[in-house]
Each structure stands twice: as C-alpha cells, then as structure tokens.
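Asks: Pasting the relevant annotations from TrEMBL:
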DOMAIN    B:26-471  domain 'Amidase'
ACT_SITE  B:LYS80  active site, charge relay system
ACT_SITE  B:SER155  active site, charge relay system
ACT_SITE  B:SER179  active site, acyl-ester intermediate
Amino acid sequence: MTATTDLVPYEEALASYDPVMGLEVHVELGTRTKMFCGCSTELGAPPNSQTCPTCLGLPGALPVMNATGVESAIRIGLALHCEIAEWCRFARKNYFYPDMPKNFQTSQYDEPIAFNGYLDVQLEDGTTFRVEIERAHMEEDTGKSTHVGGATGRIHGASHSLLDYNRAGIPLIEIVTKPIVGAGERAPEVARAYVAELRELIRALGVSEARMEMGQMRCDVNLSLMPKGGDKFGTRSETKNVNSLRSVERAARFEIQRHAAVLRSGATVVQETRHFHEDDGSTTSGRVKEEAEDYRYFPEPDLVPVAPSRAWVDELRGSLPELPLQRRNRLREQWGVSAHDMQSILNAGAIEPIVATIEAGADSAAARKWWMGELARHANEAGVEPGALPISPEQVARVAVLVKEGSLNDKLARQVIEGVLAGEGGPDEVVEKRGLKVVSDEGALAAAVEEAIAGNAAIADKIRGGKVAAAGALVGAVMKATRGQADAARVKELILQKLGVGES
Amino acid sequence: MTDIIRLTAADTAAKIATGELTAVQVAEAHLARIEAVDEKVHAFLHVDREGALEQARAVDAKRERGEPLGPLAGVPIALKDLFTTEGIPTTVGSKILEGWIPPYDATVTRRLKEAGLVVLGKTNMDEFAMGSSTENSAYGPTGNPWDLTRVPGGSGGGSSAAIASYQAPLAMGTDTGGSIRQPAAVTGTVGVKPTYGGVSRYGMVAFSSSLDQGGPCARTVLDAALLHEAIGGHDPLDSTSIDAPVPPVVEAARSGSVEGMRVGVVKQFRGEGYQAGVVQRFDESVELLRELGAEVVEVDCPSFDLALSAYYLIAPSECSSNLARFDAMRYGLRVGDDGTRSAEEVTALTRAAGFGDEVKRRVMLGTYALSSGYYDAYYGSAQKVRTLIARDFERVFEQADVLVSPTTPTTAFAIGERADDPMAMYLADLCTIPANLAGNAAMSLPCGLAPEDGLPVGLQIIAPAMRDERLYKVGAAVEAAFVERWGHPLLEEAPSL
C-alpha cells in the first residue's frame with residue numbers, strides 16, 4: 001500500500017513542518033462486571049454467553065452504574081493530575097451500528113468525570129516531556145462484529161456478519177490529550193512514550209491489565225502538520241485502533257511523511273479516519289468525514305448524575321500508588337541502569353516481571369538478563385507481553401538461582417526456560433525430565449578431559465607450549481562429549497591443570 | 001358472575017381471603033367477561049387464559065395451606081402492553097415488536113405476580129404510547145365502553161376501557177404526558193401518575209425516559225391506592241427510582257378528607273378549547289371541595305402555557321434515541337433480509353414497515369431537535385422551560401397543598417375525529433403534561449357527566465413530588481361525596497355492553 005502513497009523523507013518533512021498530535025486512548029477497565037449491568041467481563045467466554053436484557057438493549061431494560069467503574073475513572077483522573085468533576089452526567093451518543101445494542105453509546109460528552117491534567121513522559125535520552133490531558137471520560141464498549149465471507153474480515157464483500165455482545169457494556173475510559181505541539185521530530189517517540197507511560201500508570205493503579213494485544217487498550221492517533229514556526233493547526237487525519245506501542249510510533253511517523261507529501265504537492269489534507277497496517281506500517285483512507293458526524297448527544301435520562309463527594313475524591317487521591325515514572329527512577333537507581341536501558345525495559349513491558357523476579361530471589365542483573373533477552377524474544381515471537389508468557393517470575397527466579405549455584409549454565413538454562421514455556425512443568429521438573437544438570441562429577445569430567453587431550457594431541461602440545469587460547473577447542477570437545485552439560489569454566493580449568501599450564 | 005366482575009379489587013381480595021370466592025372463580029368470571037365483550041371493546045391485545053388460571057390456582061392453594069395472602073392476592077389485572085412479561089408477547093402496540101416474547105419480567109410485572117395478582121393479559125395502546133386515543137395502535141382502535149364509536153383516550157386506552165367495561169378490576173398504565181389520567185377521565189375511571197421515580201421503569205418499554213411513569217388504573221380511589229402500594233418502591237434495577245418508602249397511599253385512601261386543606265385552582269387551565277360541560281363539572285367539583293371544608297385559592301402558573309411545546313421537544317427527542325434499538329438485528333420484525341441487502345438497508349426497510357406514522361413523526365421531530373446546531377434552540381430551551389414549570393409548581397405548592405384542574409379539556413371524541421390532526425390530538429394532554437415535566441404526582445377521578453354529551457368528565461388532582469398520599473386523601477373524599485350525591489358510582493350509568 002505504501003507504493004501508492006507519496007511520502008516525503010522524514011527529515012525533510014520535519015524541516016518544513018511542525019507536527020501536531022492528539023492521542024485518544026481507550027482503556028477497558030478490569031471491573032468484574034460490566035458498566036451498566038451485572039454481566040461478567042471475563043474474556044474468552046462463548047459468544048453472547050455474558051449478556052442480559054440491559055447489555056443486549058432489550059426493550060424496557062435499564063442501566064445501573066457500576067460504582068467500581070466510576071471509582072476507577074476518578075483514580076485514573078487523579079493520577080493524571082486532572083480536576084475531578086463535582087457533578088457530571090452520562091450522555092447518549094447516537095449512531096447506528098449493528099454491534100451497538102441500543103444504537104446509542106452511553107458515554108460522556110461535555111461533562112467528563114476528569115479534565116485538565118497532564119502526564120510526564122520520559123524519552124529515550126532521559127529527558128521529560130509533558131503531555132497535557134484534555135479529559136478522561138467514562139463510556140461503554142460495543143459488541144464485536146465478525147464479517148464472514150469477505151476479504152480479510154472486512155465488511156466489504158462479506159456474505160454475513162456474526163455479532164458477539166459479550167464485550168458490549170464493558171466499561172471504557174477514554175483519555176484525550178490536548179494538542180501535543182513542540183515535539184518536532186520526536187513526535188512519534190513522544191506518542192509512543194505517552195502510550196507506554198499511560199499503560200504503566202493504568203497497571204500501577206490496578207484498574208486494567210491494559211494489554212494492547214488483547215484490545216484492552218487502544219489508541220487513535222490524530223495528526224496534522226503546520227508550517228514550521230506557524231501557530232495555525234492544519235487539517236488532521238485520525239488513524240484508528242493503533243494497537244501496539246511500536247505501531248503508534250510508526251503510524252505517527254507515516255502520517256507526518258504522508259501529510260508533508262500532500263502539502264508539498266499543493267493539495268489539501270483530507271479530514272478522514274485512516275486504517276493502520278501492521279505489515280508495512282502504512283495507513284490507508286477509511287471514512288471521509290466530509291460532513292461531521294452528528295451524534296445528537298444529550299444527557300442520558302436513564303442514569304442519575306455522578307456527584308463524587310470531595311471527601312471521597314480526597315480519600316482516593318490519598319490512596320494512589322507511587323506513580324510509574326517516580327517508581328522507575330527509584331528502580332533505575334537500585335538496579336544501576338541507564339535511562340536508555342530503563343526505557344527499553346519499559347518498552348518491552350518487562351518492569352513488573354523483573355521486579356517480581358527479584359522479589360522471588362533473583363539478583364537484579366540476572367532478572368533483567370532473562371526478561372530482556374531470552375524471554376523478550378519469546379514474547380516477541382508470540383506477539384504477547386513478556387508478563388503474559390506461561391512462565392512465572394518465581395520460575396525465572398528459580399532458573400537464575402540454579403545458574404548462580406552452578407547447577408545450570410546459560411545454555412542449559414535457556415533449555416530449561418524453553419521447557420517451562422512448553423508446559424513441561426517448573427524449572428526443577430524440566431531439569432529432571434530433560435536431564436539438564438551441569439556435569440559436576442569431577443571423575444567423569446576428568447575422564448572426558450583426558451579423552452579430549454588424547455584425541456587432540458597437536459592442540460594439547462600447543463597449549464603446553466603456552467598457547468592457552470587454544471584450550472577453547474579442547475573445551476568444545478569436552479562440552480560435546482558431555483552434551484553441553486558441563487560447566488565450561490571448570491572444564492577449562494581442568495584442561496590447563498592437566499597440561500600443567502597456569503592461567504595468569 | 002356479573003356480581004363478581006363488578007366488585008372492587010379491595011372487596012374481591014377480601015372475599016378470596018375469607019374463602020367466599022376462590023381466585024379461580026374470579027379469574028374465570030373475568031375471562032368469561034372478556035370473551036363476551038372484548039370483541040366489541042378491543043381492550044386486549046393478548047389474553048393469557050392459561051397463565052391467569054394457573055396464577056389463580058396458586059393463590060387458592062396458598063390459601064388452603066393457610067399461608068398469608070397479600071392485600072390484592074387473587075385479584076385479576078390487565079397490563080398495558082409495554083410492560084415486559086416473560087413468555088407472553090409484548091408489542092407496545094407496534095408491528096415492529098410483533099411476535100416478540102420477552103425473556104424477562106418488568107419489575108412491575110414481577111411485583112404483581114409476587115403479590116398474587118392474576119395477570120389476565122396485555123391491553124391495547126397507542127403505538128409506543130404515542131397518542132391520546134389508542135387509534136395509533138398497529139392492531140386497531142379500542143372503543144370507549146360509554147360509546148363504542150368514541151375513543152377511550154390514550155395512550156393507555158386499552159387499560160382504562162378494560163376496567164370501565166368490567167373485564168378487569170385493575171390495570172397498569174404508563175403516563176408520559178397523560179396516558180393514564182386522560183383515558184381515566186374519558187372512561188369514568190380512576191388513574192394515577194405517581195411521582196416520577198415512585199414506580200420502577202425497569203421493563204417498561206421506553207417512550208420518553210425522563211417522563212415515563214407507570215401507575216395504577218382502577219374503578220375506585222382505594223383500589224388505585226392498593227395497586228400503587230403493590231407496585232411502588234425502590235428498585236435497584238432502575239437508577240431513577242426513588243430510594244424511599246412508598247408514600248402512605250392506602251392509609252390516605254381509607255381516610256379521605258379535605259378538611260382544612262388548601263386547594264389551588266390553576267388559572268391557566270380554562271378558557272378557549274375547554275368544553276362547556278367539562279368546565280361546568282369542574283366548577284362543581286371545586287364547589288364541592290369548598291363544601292367539604294377545603295380552602296380554595298386561585299394559583300398562577302404562567303410557564304404552563306409553554307408546557308405543551310416543551311413536551312413535544314423533549315418527548316420526541318428522547319424517543320428518537322430510545323427507539324433506535326429497533327433495528328431488526330436482535331428481535332422483532334425483520335423486513336427485506338433476502339441475502340442481498342446490507343444491514344443498513346434491512347434496518348431502514350424494517351423501520352419503514354414496522355413503525356406507524358405518529359412514531360415516525362416523533363422520531364423525525366426528535367432527531368431534528370437534537371441535531372447539532374439546533375440542540376440549544378430546541379432541546380436546550382425545552383429543558384429550561386421544564387425548570388420554569390418546576391419552579392411554578394414549587395411556588396404554588398407554598399400556597400396550596402394540592403392543585404386541581406379538569407384532566408382533559410373535552411370528553412371522549414369520536415374515533416377518527418382527530419386522527420388526521422396531530423395538533424388537535426396533542427391538545428388533549430394540555431392539563432396533564434405539566435405534572436410529567438416536573439415529576440409531580442397526579443390523579444384523575446370521575447366528577448360527573450358532561451350535560452351536552454352524557455360522557456364522563458375527569459377531575460385532576462396534582463400533588464408535590466413524593467406526596468402522592470395527598471392525591472388519595474383528597475380523591476377519596478371527593479369520590480365519597482360524589483357517590484353519595486349520585487347515589488351510585490358513575491360507571492353504573494354506562495350503557496351495558
């Protein structure tokens with residue numbers, strides 16, 4: 001698709017234009033029940049098994065507010081340094097779509113629960129950028145449509161559609177930034193860092209797992225360009241449902257290049273929604289917003305206004321956890337890592353697993369090594385967050401301890417981790433079943449060393465002659481003979497000893 | 001049999017409690033009456049014969065086991081066809097819900113069943129409760145038992161006609177702009193719109209959420225009070241339901257009196273458009289109140305002149321949104337789904353075929369009134385008028401304990417007479433709408449026959465919100481005095497069917 005879209009090289013685009021961004025993030029709250037009825041919010045249930053008259057929009061059914069949902073919204077607002085409304089209402093957003101049971105979404109319009117806040121985000125080089133928050137409001141999710149018979153699940157060309165209302169009515173918080181200006185060439189990085197920081201915040205508050213790959217957190221990227229040094233915003237495009245941190249950055253980058261091309265050609269940017277394509281990082285035109293959609297908002301008459309008492313709001317403010325950025329700075333110091341490394345850990349979604357692994361007994365270097373290395377690779381391949389892998393921090397900590405004790409080397413440890421991930425049991429079980437213990441039987445090792453020396457006389461002579469570096473070949477032979485289950489350092493020691501060479 | 005159907009609900013329950021009658025006998029008598037006269041009246045859209053008898057048998061069995069019975073146990077009741085009833089069709093008088101069997105009971109339905117009332121069936125109504133004559137029903141009009149060529153009022157004409165023709169001693173109605181009170185007035189029965197939030201709306205198919213209120217239809221004030229008590233009270237499934245005990249309506253109905261009460265006559269509710277006989281009966285009622293010991297004061301509610309206009313912005317606006325769910329996707333009618341059309345086309349075809357003209361008119365009005373650019377001028381202004389009306393009420397309730405007015409400016413009009421003139425139809429609710437906009441409690445009860453046409457006239461009593469008991473206190477006193485004056489209840493003057 002990129003081929004059909006004119007793009008200006010990124011640096012060139014930034015030389016002429018200043019990007020202006022607006023980010024809208026939807027977060028599915030992790031409440032036990034839906035926003036306006038008692039149905040379960042658990043994921044993965046058979047289609048339409050978690051529905052009732054209210055979330056199916058049956059005639060006569062009425063909504064009742066989920067108090068935990070309201071509380072979560074207020075806590076998010078407070079953590080974003082927002083003002084909390086003393087009195088606000090839900091509103092109906094009217095439009096027709098088959099996966100929306102009432103054909104209106106119960107949302108908030110001009111009276112959001114939280115408004116006027118900010119979130120500080122840290123960039124790769126350690127500098128802080130403040131993103132201003134316009135508002136955070138409560139609403140309900142829609143059902144899910146599956147279009148059958150057409151190409152790639154799109155409605156166009158589909159023969160029919162299946163509707164699952166399990167998701168309908170799950171509480172959502174929509175967090176909208178004020179226009180983000182002044183980020184310049186770092187706009188895509190700011191977008192990514194903002195979404196990442198927000199995700200950390202949501203998790204720290206415990207209001208949602210905010211797993212983007214599960215759709216629990218979804219981002220719309222609004223972007224426009226204005227001539228460098230100007231102050232009049234250009235026409236924006238809205239790239240919908242960008243569902244990973246990397247995609248947020250890529251989408252912003254692509255749109256900057258595309259807008260620049262449009263503007264440079266003398267054309268005007270069309271106000272429209274755009275689809276993001278994971279495969280090549282491009283966006284394509286969705287719905288043109290020629291006539292602004294008229295949602296005919298009006299106050300929801302079926303719900304009473306929300307009027308959180310100041311005492312309650314203060315209580316919630318007082319019970320907020322340590323904010324993620326503060327916490328990261330603290331951990332950074334404790335772990336002794338650079339801002340850049342910390343950023344990588346954050347981007348990988350590995351902070352919580354690492355903290356938990358350290359708590360379970362691993363030292364911090366080992367915990368970081370495994371989560372940012374082997375496990376990050378597995379997570380990447382599986383397209384999930386490291387924390388969602390089928391291995392627990394306790395199990396990783398156990399592997400680290402086994403390595404430290406010398407019962408495993410790194411190579412064996414990787415096999416143990418693979419075994420755990422494959423569902424073969426805990427680390428000790430995998431060690432047992434796969435027989436993955438470092439050979440520490442000195443007699444057996446000594447025999448293997450002697451065999452290796454005998455079979456490689458020429459090399460042995462070189463070593464005797466002072467070419468200690470040549471010992472590597474003999475170590476390799478021993479490792480091969482022991483199927484990798486020997487402690488390589490110890491093997492080398494034994495070889496040199498046997499050949500009467502000191503290692504200094 | 002004739003005797004059974006003419007009993008009040010209170011007497012029926014008493015006779016069942018003592019064993020003088022069984023609930024099954026009572027149910028059978030009413031089912032026989034429905035069989036005999038409803039072909040002419042057409043009050044019912046659905047009669048649940050088997051279900052009714054089963055509920056009646058359960059009441060009798062309970063009595064035989066010596067278990068305590070509620071104050072209305074075994075009394076039959078008819079439900080306006082917008083209360084959902086599990087397993088029984090609920091059409092809201094519309095083709096768009098033809099054949100829909102709700103999977104759940106409205107809170108009112110559930111409470112009635114729990115109280116041992118016997119649900120006979122579902123009554124006719126203007127489609128989605130939009131109308132004042134029941135002519136907008138997709139299933140044909142209902143006749144007024146006083147004169148079958150005339151309308152029984154609306155939207156709840158079926159419920160009022162059912163009790164006026166002795167097919168049921170009690171019925172449930174809903175009142176958005178007068179849909180309980182206006183039918184009560186033109187059929188010579190009693191109808192009450194409780195305070196907004198006094199009766200759960202859960203399971204009431206919504207027309208205009210901020211105005212809709214379920215309430216009792218009965219032949220006597222006491223019967224209405226007993227039903228009010230059975231259905232009222234807080235419901236956790238309705239956020240707008242009031243979290244307070246039901247006002248002491250039964251006690252008030254048993255001790256009717258206006259002695260020392262201040263009764264306000266609303267200046268705005270007379271003049272052009274009011275039928276002479278209606279005004280005459282109303283004036284006589286005011287005189288009667290004075291004779292009974294009330295202090296009568298005239299009160300001024302200038303904003304009431306704007307009530308009708310505000311109502312016809314707010315109700316259509318809310319209905320345009322409430323009715324959006326009827327899209328052929330999940331339940332009810334589906335038209336044009338032949339495999340070639342898109343969901344959007346099927347929705348459009350279904351709504352075109354399934355909704356009647358009045359519903360379409362209001363959906364379009366409301367869609368327009370809520371549109372961006374028009375919202376402030378229409379919906380916004382209407383909400384301001386609503387506030388003004390509430391303030392008028394607040395002010396005059398400092399001068400009076402209750403207000404009185406004619407319920408509706410005219411007696412029952414002929415079927416077809418106003419069908420093509422929506423404005424004339426809308427005027428039928430002129431006196432009833434302010435109480436809906438402000439959320440007050442209000443009642444209509446018979447105050448005589450208009451001399452010129454011999455048709456019933458209704459007296460409306462309005463009380464402040466959450467003071468519903470005042471309606472019953474005053475209503476019971478007026479009712480007793482009139483019955484004494486007439487020598488019998490007004491309904492006995494209705495022609496036999």
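Just so you know, glycine gets a Cβ as well, placed from its N, Cα and C.
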Asks: Let me check the 10 A CB neighbour count of B:LYS80 (active site, charge relay system). How many other CB atoms are there?
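Replies: There are 33 of them.
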Asks: So, three-state DSSP: helix, strand or coil for B:SER155 (active site, charge relay system)?
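Replies: It is coil.
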Asks: Near the Cβ of B:SER155 (active site, charge relay system), how many other Cβ atoms are there if near means within 10 Å?
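Replies: Other Cβ atoms within 10 Å of B:SER155 (active site, charge relay system): 35.
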Asks: Which residues does the residue listed as 'active site, acyl-ester intermediate' neighbour through Cβ under 8 Å, counting only same-chain ones at least six apart?
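Replies: Those within reach of the residue listed as 'active site, acyl-ester intermediate', by Cβ under 8 Å and sequence separation of 6 or more, are B:MET125, B:ASP126, B:ALA129, B:SER132, B:GLY154, B:SER155, B:GLY156, B:GLY173.
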Asks: With DSSP assignments reduced to helix, strand and coil, which class does B:SER179 (active site, acyl-ester intermediate) get?
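Replies: DSSP assigns B:SER179 (active site, acyl-ester intermediate) to coil.
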